[in-house]
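So the structure is just underneath, and the comments pick up after that.
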Amino acid sequence: MVLHNVTFWRGFVFLGFSSFGELQLLLFTLFLCLYLVTLTSNVFIIVVIRLDSHLHTPMYLFLSFLSFSETCYTLGIIPRMLSGLVVGGQSISYVGCAAQMFFSASWACSNCFLLAIMGFDRYVAICTPLHYASRMHPTLCAQLIGASFLSGYLFGLGMTLVIFHLSFCSSHEIQHFFCDTPPVLSLACGDTGLSELGILLLSLLVLLASFFFLTVSYAYILAAILRIPSAEGRKKAFSTCASHLTVVIIHYGCASFMYLRPKASYSLERDQLIAVTYTVATPLLNPIVYSLRNRAVQTAVRNAFQGSLLGKG
């Protein structure tokens, strides 16, 4: 307990990309540009969906909350990372580290369940189109969104408690740019076997549960699409799922690689670079994929720009 209190008052220091030397300025410029594009794109998606009445459907409601969740997720990580690239080793309090882990894990979990909900929405739209409006009613949509965020908060709380009930008696330097579970766990003293098992079980619960619902939804969707007689009809039906399926593959691929692998395969230096993928690049994919592959969003974006230009004129 004494050692635990020492860490509580001392906190931690992010080493971040300090080993990159002179490349830090280049990384700062690159990550800042990516972050600004990510932030702008997700906020723009939310605004466009809010303003365009044609997008006031459950599918785009879920998309707007996914963009909101991605925005909150990056806000808790990227600004501090950018600051660390400029000023070097940056400190964070014990409570601040726990809070960052809680919120980042919560939003990441919420994203998983939001993607699962979006898969269910596509199942109802394709497999029972005549009952879509009655089944995906506003009350159900609100309940599903609320459940996804509540599940995220519970998972984030569980993950944080599993890590921060430990004592940290070794180095207080985190070989990372935010309080992710593997680098923080590596600083704990004593036997961390139970904590590692707890993290694995929590990760399995979230990823496998949400992925199970996605798999079942897409199994029914695929069966329904194959029953469509015309090739054009099958192509049109599948196109409504293509954007969502692309985001799902990338999101679950990164999450599974980080949290469902044995400890022996951890490499803090390599994992730090991989973490850039799901903290900087992946949140940018959501608006890009839906903007490039979804005609309704493309039309709404064009209308928004035309309305802006006409307003200025």
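Our numbering is plain: 1 for the first residue shown, then up by one each step along the chain.
Positions of Cβ are set from backbone N, Cα and C atoms, glycine also.
Any TrEMBL annotation is an automated prediction that lacks curation.
The domain 'G-protein coupled receptors family 1 profile' annotation in TrEMBL covers 41-290.
The transmembrane segment annotation in TrEMBL covers 25-48 (among others).
Among residues of the same chain six or more beyond the transmembrane segment (60-78), those with a C-beta under 8 A of the stretch's C-beta atoms are 31, 35, 38-39, 42-43, 45-46, 49-50, 100, 103-104, 107-108, 110-111, 114-115, 117-118, 121, 141, 144-145, 148-149, 177-178, 279-280, 283, 286-287, 290, 296-297. Feature annotation from TrEMBL assigns transmembrane segment to 60-78 (among others).
Per TrEMBL, the feature transmembrane segment maps to 98-120 (among others).
Per TrEMBL, transmembrane segment is recorded for 140-164 (among others).
Annotation comment: TrEMBL describes 199-225 (among others) as transmembrane segment.
Among the features that TrEMBL reports, transmembrane segment is placed at 237-260 (among others).
The transmembrane segment annotation in TrEMBL covers 272-292 (among others). Nonlocal intrachain contacts for the transmembrane segment (272-292), taken as residues 6+ away from its ends with a CB within less than 8 angstroms of a stretch CB, comprise 16-17, 31, 34-35, 37-38, 41-42, 44-45, 63, 66-67, 70-71, 73-74, 77-78, 81, 175-178, 180, 183, 243, 246-247, 250-251, 254-255, 257-258, 298, 301.
Non-local neighbours of the transmembrane segment (140-164) in the same chain are 58, 61-62, 65, 69, 94, 98, 101-111, 113-114, 116-117, 120, 181, 184-185, 188, 195, 198-199, 202, 205-206; each lies 6+ residues outside the stretch with a CB under 8 Å from one of its CB atoms.
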